[in-house]
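Before any comments, here is the structure.
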Amino acid sequence: MCGILAVLGVAEVSLAKRSRIIELSRRLRHRGPDWSGLHCHQDCYLAHQRLAIIDPTSGDQPLYNEDKTVVVTVNGEIYNHEELKAKLKTHEFQTGSDCEVIAHLYEEYGEEFVDMLDGMFSFVLLDTRDKSFMAARDAIGICPLYMGWGLDGSVWFASEMKALSDDCERFITFPPGHLYSSKTGGLRRWYNPPWFSETIPSTPYNALFLREMFEKAVIKRLMTDVPFGVLLSGGLDSSLVASVASRHLNETKVARQWGNKLHTFCIGLKGSPDLKAAKEVADYLGTVHHEFHFTVQEGIDALEEVIYHVETYDVTTIRASTPMFLMSRKIKSLGVKMVISGEGSDEIFGGYLYFHKAPNKKEFHEETCRKIKALHLYDCLRANKSTSAWGVEARVPFLDKSFINVAMDIDPEWKMIKRDLGRIEKWVIRNAFDDEERPYLPKHILYRQKEQFSDGVGYSWIDGLKDHANQHVTDSMMMNASFVYPENTPTTKEGYYYRTIFEKFFPKPAARSTVPGGPSVACSTAKAVEWDASWSKNLDPSGRAALGVHDAAYEDTPGEAPASADPVSDKGLRPAIGESLVTPVASATAV
C-alpha cells in the first residue's frame, strides 16, 4: 500500500505551503517507506509515499502521460493493467508500474474509464491542460481515501485522515465505488452492480463455477515483484486462500523470482484456537509457516498506536486490528511486503453466526448487501491500515469484483443456514471446495465453525480488554457519557476507553463522524439485531454473543457498567459517508 495526498486550489502558493504539504505527506510514510514524490502545478500539489510492489526500480510516483500534462498519484494495484495497456496501442508507457495505465486511460476515455479497472485503488488525477481534477475509490473501498475542504477553498484528498484533519475545516470518508469530478463539483457512483439494489437474485447455485471464479481471483493477486505470503488463521476463508495460492504458485512469475514454497503467517495467544488450526492447515499444504505469539499485555500496550493508525473507535475493529497490527510488524521484519488475506467472505456468504437467525432469504440477502456496502468502515479499514502501519500490503480475493457478482447472484435460499440439511454458515463456498479426488483442505477445517479473528486469537484477549477498560473507566464516566460524547455515545466501558484515545488524536467533530455507530451483535448491522429479541440485551460484537449458536457462547449476558441512553440513530452508516454529498442511485448520476 502507498500513501497519497493531494491538495488542489490553494490560495497561497509559496515555499511554506510546499513544506507543509511535504510535512503532511510524511505522516503517511509508514504506508510507503520506499520513496517519496511530489508534483506541483501552480496551486495544485500531488504527493506520494511509495511501497514498491510492482516494478520497484522505475515505478516511482506521481505518474504521467507522455507529455506530462496528466498527473496521477495512486494507491493500489491494477491487476488487469497488461490487458488495458494492450488496448492503448498508440500510447507510450514510461514505467512498468501497473498504475501508470490510469493516466493513459484518462487521456483516451476521459473520466468514464474507472469501471475498466480491475483492482483495488484510490487515486487523484490532475489534468494540467484545464486544471480539472478527479478522484476515485475502488468498488468496495479496500483502499482508504478521505476528502476534505480548506477554508481557503482548497479541496484535499488523502489515504488517511491524519494527513488532512489538521488543515481541513471539514472532511469525510470518500465513499467506495464513487468518483469526484471538479468539472461537476460532486460525487457520483461509478460502481453499479446488480446486487447493489438488493433485489433478490434467482440464479441456481453452481459450485464448480463459484470455485473457478474464486481461484481466478486468488491467481490474479499473485502478481508481485517482491516476496509475499498468506495470512492464515486456520479458519475457512484464509485456509481456502492459502490452498488455492499454494496450488497455483508454480505457474506464476513470482515463483521463479522468490521460490515455489508459499509462506503463511498466523498470530495468537499461546494455545489459541487459530494457532492450532493454522498449523494443521500449513502442514497439510506444505507451506513455510510462521507462528507468532503475543500476550494480552502486549496487545493492551499497543492500543494507542493501533487506534492512531486505524483511525476508528469501533470496538470490534480495534479488537481485531491489534493482533493484525502486531503480526504485520513481524511479517515486515522477515522482508515480506505483500500478503493475501481472507476478508469479505462472511459478508458475501452470510458467514457471521448471527445469520443462523435470519428469518427468510429476503432478509438474509439484504443483510449481506448491507454488510458488503459497509465493509470499507470495518474489515477493509482494519486489513488495510493494520498492515500498512508497517509498510505491508494486504490483498483480498474474496472482494474481487467478478467474484462478488457471481456470489451475490446466487439465489440466497442456497446460502441460508439449514442444519437439517447439513448446511452450516457459508455452506455454498465450503461445498464448492469439497473435492474428494483432489482435496483442497482437510474436511474438519473445511467445515470448521466461523471464528471471528478477535476471538480466534484467544478468548482471553477480549476478556483482557474488557478488564483493562473497567480499570480505567468509572461508572460515573458512563453515566455522563451522553454529555461528553453526544454523537455515537459509547455504551460500554471498553467503547468509552477507545473513544478517549481516538479523540486525543482526532479531536474534530468531522473525525468522529467518520466512524459508524448503532447497535450490533456478533458483527451484525442494527437491522439484524431485530432477528432475535434476546440480542438487544447482549449487544457485543464478539461472535460469542451469538447465544445458542457459537460453541463457546457467553453463558450469561456480559456485565457492563450502567450507560446512559444511546442517542445514536440505528442508521449506523449515516455519519460516515458524507450523506449530504452522495445520494445512492441505481446508475451513475451526478450529485
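One-based numbering along the chain as shown.
Placed from the backbone N, Cα and C atoms, the Cβ positions cover glycine too.
As the structure is a computational prediction, the values presented were derived from the model and not from experiment.
Feature annotations, reproduced from TrEMBL:
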ACT_SITE  Cys2  active site, for GATase activity
BINDING   Asp98  L-glutamine binding site
BINDING   Leu231, Ile267, Ser341, Gly342  ATP binding site
DOMAIN    2-185  domain 'Glutamine amidotransferase type-2'
REGION    555-575  region 'Disordered'
SITE      Glu343  site 'Important for beta-aspartyl-AMP intermediate formation'
_Spatial neighbours, same chain, of Leu231 (ATP binding site) - Cβ under 8 Å, 6+ residues apart_ = Ser238, Thr264, Phe265, Cys266, Met324, Met327, Val339, Ile340, Ser341, Gly342, Ala394
*Using all protein chains in view, find how many other C-beta atoms are within 10 Å of the C-beta of Ser341 (ATP binding site).*
26
*What is the Cβ neighbour count of Glu343 (site 'Important for beta-aspartyl-AMP intermediate formation') at a 10 Å cut-off, with all protein chains included?*
26
_Under 8 Å by Cβ from Asp98 (L-glutamine binding site), counting only residues of that chain that are 6 or more apart_ = Ile54, Asp55, Glu77, Ile78, Tyr79, His81, Gly119, Met223
*Rounded Cα separation (Å) that holds between Ile267 (ATP binding site) and Glu343 (site 'Important for beta-aspartyl-AMP intermediate formation')*: 16
*Find the longest CA to CA distance in the recorded ATP-binding set Leu231, Ile267, Ser341, Gly342; express it in Å as a whole number.*
15
*What's the CA-CA gap between the residue listed as 'active site, for GATase activity' and Glu343 (site 'Important for beta-aspartyl-AMP intermediate formation') in angstrom, rounded?*
20
*With every protein chain in view, how many other Cβ atoms are within 10 Å of the Cβ of Gly342 (ATP binding site)?*
24
